[in-house]
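Trainee: This is the structure I want to talk about, given as structure tokens.
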Amino acid sequence: ANWCEPGLVIPLNPLPSCRTYMVRRACGVSIGPVVPLPVLKERCCSELEKLVPYCRCGALRTALDSMMTGYEMRPTCSWGGLLTFAPTIVCYRECNLRTLHGRPFCYALGAEGTTT
């Protein structure tokens with residue numbers, strides 16, 4: 001069994017601030033009340049930091065998956081943009097958080113299996 005499955009180590013609806021942050025950064029639009037970008041980034045990094053490093057990439061993937069169902073995308077936004085930006089959230093210039101790869105890095109979120 002994969003212990004990074006949503007509902008175990010990863011919450012069922014993970015990283016709410018990161019979802020908003022991804023949309024703001026990748027699409028330039030806001031969902032819900034407009035929170036200043038640095039505040040949103042801080043909240044997102046804090047949510048990610050609470051997760052074990054092994055499951056951080058998987059949590060980002062789960063957050064994106066949950067957005068794909070029942071989520072209205074604006075014409076200015078593309079899943080491609082979100083998929084490209086999402087894995088960079090753990091990187092040095094963003095949250096700088098270690099992952100299962102032992103450094104601040106996630107593979108492209110569509111590229112790995114469910115263990116990431």
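A Cβ is built for glycine as well, from the same backbone N, Cα and C atoms used for every other residue.
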Trainee: Under Swiss-Prot's annotation, the disulfide partner of Cys4 is which of Cys55, Cys57, Cys77?
Mentor: Cys55
Trainee: If you check Swiss-Prot, which of Cys44, Cys45, Cys57 bonds to Cys95 via a disulphide?
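Mentor: Its disulfide partner, as Swiss-Prot records it, is Cys45.
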Trainee: Taking Cys18 as one end of a disulfide recorded in Swiss-Prot, give the other end from among Cys44, Cys57.
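Mentor: Partner cysteine, according to Swiss-Prot: Cys44.
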Trainee: For Cys27, which disulfide partner does Swiss-Prot record out of Cys77, Cys91?
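Mentor: Disulfide partner per Swiss-Prot record: Cys77.
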Trainee: Measure from the CA atom of Cys55 (disulfide bond) to the CA atom of Cys106 (disulfide bond) and give the result in Å, rounded to a whole number.
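Mentor: About 10 Å separate the Cα atoms of these two residues.
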Trainee: For Cys57 (disulfide bond), just count the other CB atoms lying within 10 A of its CB, please.
Mentor: 26
Trainee: Given the disulfide-bonded residues Cys4, Cys18, Cys27, Cys55, Cys57, state which is nearest to Cys45 (disulfide bond) when distance is taken between Cα atoms.
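Mentor: Of all the candidates listed, Cys18 is nearest in space.
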